[in-house]
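K.L.:
Shown below is the structure under consideration.
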């Protein structure tokens, strides 16, 4: 089954993200606003108890994560995703690193750029227009996230939470 | 903030429920298929740590829950909800009872009828038509659910998981 690991920010930031996602994000109905810390990966049913016990260990040995949203940005031209950009912080990059070393696979495709997606699957013109407007907006938000979520994907593309792990207990 | 407590069944039952929900359920995009064990209720931010510690205690002292889906039914004429009906089982009714005694409020409005909603907000004619057809289908499914989820509601009506509690540890 396909699993992913994400952080859900507070309701306040989720509501703000959704106010944009309802217009710009094709995945609006599939998952709440989130910070992906591990891209979709396969876990077999047999291996699930081992992986979840590893995640429990990682969470315990990690600190709650500092989140500083400071602007709207886009991956364009690599991809048309629009997002709230989050400042790099060692609490977040350390958690990400632990989720990409044994027994997990490395991510060799992308460098980790922490973000909350607010738009995707738009045309190039739309992206330029939306990002141009949103870059003028002052978007500043700070919070500490004290848990991470293991989710699995259903056949319709939506995601269900399997388990919550509290960071730093 | 508004919270609720639900059980998510396996992917298999969620996928089956979604195959109906996509056509018949106005809440299809707001939450994955689930069994509500506590209707939406308010928790203040101050009170959240106390409530979550109570939920942790309740989960630990409870058994994993036996789920036997045996037919499609409707609450009509009381409400136009269509659902997978679940056999009463003491593991489920005991969990429900614990979530409706001190410090939680009783549910004096409804008797607990465990179910997974697959349709709502349909017209009377639609309900009669859909239930008539689905009652002919053989729907049988058994599983054991070993966790419950505390969720909160966003401004757009969708639900985000706050925490998972494993039953019976």
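Backbone N, Cα and C atoms are what each Cβ position is placed from, and that goes for glycine too.
All TrEMBL annotations are machine predictions without curation.
Dumping what TrEMBL says about this protein:
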- B:34-37: motif 'HXTX 1' (MOTIF)
- B:34: active site, proton donor (ACT_SITE)
- B:115-118: motif 'HXTX 2' (MOTIF)
- B:115: active site, proton acceptor (ACT_SITE)
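How buried are these features, and what lies next to them?
P.N.:
Confidence over the motif 'HXTX 1' (B:34-37), given as mean pLDDT on the 0 to 100 scale, stands at 98.
Taking a C-beta cut-off of under 8 Å and a sequence gap of six or more, residue B:34 (active site, proton donor) has these contacts in its own chain: B:6, B:7, B:8, B:9, B:116, B:149. Under DSSP, residue B:34 (active site, proton donor) is assigned to coil, being neither helix nor strand in the three-state scheme.
Below 8 angstroms of C-beta separation, residues 9, 13, 17, 20-21, 24-25, 27, 33-35, 69, 72-73, 81-86 of the same chain, each at least six residues beyond the ends of the motif 'HXTX 2' (B:115-118), sit close to that stretch.
Taking Cβ-Cβ distances under 8 Å and a sequence gap of 6 or more within the same chain, the neighbours of residue B:115 (active site, proton acceptor) are B:35, B:73, B:83, B:84, B:85, B:86. DSSP assigns residue B:115 (active site, proton acceptor) to a strand.
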